[in-house]
Amino acid sequence: MTTPELSGATWRKSTRSGSNADCVEVATGARAVGVRDSKDPAGPVLAFDRRAWTAFVAGLPRRA
């Protein structure tokens, strides 16, 4: 999947992330979700269709 629809998207990282740049960032578009390394915002983006991303997040363990 290409990422043109993510250009101009707002990238965010977890509020649990520290102030350093050792994080991943996520951006959502109408049909895709992008994931990138916060140390390299101009670098490659992993793009997932929204259905795949939703299934991934649903499979994560819940923290108490």
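Cβ coordinates come from backbone N, Cα and C, glycine included.
DSSP assignment over the domain 'DUF397' (9-60) gives 9 helix, 16 strand, 27 coil. According to TrEMBL, the domain 'DUF397' annotation covers 9-60.
TrEMBL lists 1-20 with the feature region 'Disordered'.
Sequence-distant contacts of the region 'Disordered' (1-20) (same chain, six or more residues past either end, CB-CB distance under 8 Å): 26-32, 34, 36, 38, 41, 45, 47-49.
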